Amino acid sequence: MPAIVVSGDGKGDFGGKVTFHVIICAIVAATGGLMFGYDIGISGGVTSMDDFLEKFFPEVFEKKHHAVENNYCKFDNQFLQLFTSSLYLAALVASFVASKICSKYGRKITMQLASVLFLIGVLLNALAPNLALLIVGRIFLGIGIGFANQAAPLFLSEIAPVKYRGALNILFQLNVTIGILAANIINYFVADIHPHGWRIALGTAGIPALILCLGSFLITETPTSLIERQRLTEGMNTLKKIRGIDNVDAEYQELVRASEMARQVKHPFRNLIKRKSRPQLVIAIAMQVFQQFTGINAIMFYAPVLFQTVGFKNDASLMSSAIVGGINVASTVVSVVLVDKLGRKPLLLEACIQMFITQTAIGYILMEHLKTTGDLPKSNAVWVVVLVCLYVMSFAWSWGPLGWLIPSETFPLETRTAGYSFAVSSNMLFTFLIAQAFLSMLCTMRAAVFFFFAAWVFVMCLFVVFLLPETKNIPIDEMMDRVWKKHWFWKRFMDDDDDKRASKVEMAMGH
Ligand code: BGC
């Protein structure tokens, strides 16, 4: 397993500047986020384009243009959903493989592989003559994403000077939102290019991948990874280079100590199922599952489809999606600024309230005014767009970035990477489920699908109030004493019974 061995022990500031080299490394690695975001944003637009539907999903095309077709069901097609969701299933499996490659061969090569696999996927997609190759292309994209999502955030954490680690971590999410916005804008412009606009939309995904591929030749491997692989002198030299100072001894020693400790843990996954790891594991998985049950990807994947469902024409619906994408980016910046000042819990709770109100209101408007056939009255449709914007805004400064940040900062070193890969794969699994199910849910549950997500938001709110500890400004390796051992509920998992039992067994076995 690669260890998310962060540069430093979290306590100290080892000095060093944000060098030009670190900036280049950060920009290149964060393009992994652009690839991910572009994919999230592009599928909704493409699956609402007539040329694309006519070629690959003639049934949906027919349904969509059928005068008396049920509003809520016109896009309900398992294969159409598979087009979107297959990517996440592939990414789920790939993230486990990626974690092995990451630790054995390094973060840089994993990102290079990610970009190449992704580029193959882009070519297959943009040139696809039939549905089968289209899906194979999506699988390649998914493998690329699985590799990039495991390696890039890790890389960013490891090259960052300690005090900028949080901000650099959110840089990845910021790129995800910029990728989504770029996709929304491209969708808008290519929609009128017939019959191959969708090929341009899918092909443009190659741009961030190319930047990552070429840019990766400019970046170094992280000192952590070099030290982890016993390339000590190289590790030391790289550290000097990225920190821009000669005296990096303290940080270097810390990295060696951390990697020694990580090496002693032969079975990080076994460690993870110990009772003592339960709180962090539950929280990492819950943050990701809840992030997806906010229903965000129902909007991100299917906003254009949703806006067409409420009666917008193609252009208006793609334009509205682009507005939503812009709000997503701007609100993520708000999070970068506030997360270390206000703390994690206030942002999450405020967002729960805002999401609950907006989702309930969207559900109510659709239930009252969007009948099975016919369009939503104009003023109501505008309200739906406004409410979707308010909803996305609150997600973007809370559950979006924090869904990733919190799992990366709660695990102790010995379980950090294994724990984080559970977070990544839970995210992919639930992203897959929502992508695969949302259009069918919209068809069967109709407007109530928004009440379904609102109910989840209510549960999440209780979870944050009672079970999520505040981790703002707490050094990573003091989490155990300052957070878990003090928490009213989680402290009961902090006894050392497991360790005692383990040492008894070892003694009995004569060790
Ligand atoms: C989530 C994605 C989501 C995106 C929206 C990310 O944090 O993991 O599933 O589409 O935020 O900005």
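All positions are counted from 1 along the displayed chain.
Note that Cβ sites are derived from N, Cα and C of the backbone, with glycine treated the same way.
Since the structure is predicted, the reported quantities are computational estimates derived from the model, not experimental observations.
Here TrEMBL flags 25-472 as domain 'Major facilitator superfamily (MFS) profile'. Restricting the average to the domain 'Major facilitator superfamily (MFS) profile' (25-472) gives a pLDDT of 89.
Sequence-distant contacts of the transmembrane segment (18-38) (same chain, six or more residues past either end, CB-CB distance under 8 Å): 111, 114-115, 118, 144-145, 148-149, 151-153, 155-156, 159-161, 164, 168, 171-183, 204-205, 208-209, 211-212, 215-216, 218-220, 241-244. Residues or ranges marked as transmembrane segment in TrEMBL: 18-38 (among others).
Feature annotation from TrEMBL assigns transmembrane segment to 79-97 (among others).
Annotation source TrEMBL lists transmembrane segment at 109-128 (among others).
Beyond the transmembrane segment (134-156), the same-chain residues lying 6 or more positions past its ends with a Cβ under 8 Å from any Cβ of the stretch are 2, 4, 25-26, 29-30, 32-33, 35-36, 39, 56, 82-83, 86-95, 97-99, 101-102, 107-108, 110-111, 113-125, 128, 168-169, 171-172, 202, 205, 209, 212, 222, 404, 408, 417, 420-421, 424, 428. Annotation source TrEMBL lists transmembrane segment at 134-156 (among others).
Residues or ranges marked as transmembrane segment by TrEMBL: 168-191 (among others).
Taken from TrEMBL, the feature transmembrane segment covers 197-219 (among others).
According to TrEMBL, the feature transmembrane segment maps to 281-305 (among others). Outside the transmembrane segment (281-305) by six or more residues, the chain places 40-41, 43-45, 47-48, 75, 84, 180, 184, 187, 272-273, 314, 317-318, 320-321, 324, 355, 359, 388, 391-392, 395, 399-400, 402-403, 406-407, 410-411, 415, 419-420, 422-423, 426-427, 430-431, 433-435, 438-439, 442, 449-450, 452-453, 456-457, 459-460, 463, 467-468 with a CB less than 8 A from a CB of the stretch.
The transmembrane segment feature in TrEMBL is assigned to 317-339 (among others). Below 8 angstroms of C-beta separation, residues 41, 44-45, 48, 166-167, 170, 173-174, 177-178, 180-181, 183-185, 187-188, 191, 299, 303-308, 347, 385, 388-389, 392-398, 400-402, 405, 472 of the same chain, each at least six residues beyond the ends of the transmembrane segment (317-339), sit close to that stretch.
Look at TrEMBL and you will find 381-406 (among others) tagged as transmembrane segment.
Taken from TrEMBL, the feature transmembrane segment applies to 418-439 (among others).
Residues or ranges marked as transmembrane segment in TrEMBL: 445-468 (among others). Note on the transmembrane segment (445-468): residues 72, 282-283, 286, 290, 293-295, 298, 344-345, 348-349, 352-353, 355-356, 359-360, 362-364, 366-367, 370, 399, 406, 438, 489-490 of its chain, located 6 or more positions outside it, place their CB under 8 angstroms from a CB of the stretch.
With a threshold of 8 Å between CB atoms, the same-chain residues lying at least 6 positions outside the transmembrane segment (418-439) that come near it are 1, 4, 75-78, 80-82, 84-85, 88-89, 91-92, 95-96, 99, 146, 149-150, 154, 268-269, 271-272, 277, 280-281, 284-285, 287-289, 291-293, 295, 297-298, 301-302, 305, 403-404, 407-408, 410-411, 449.
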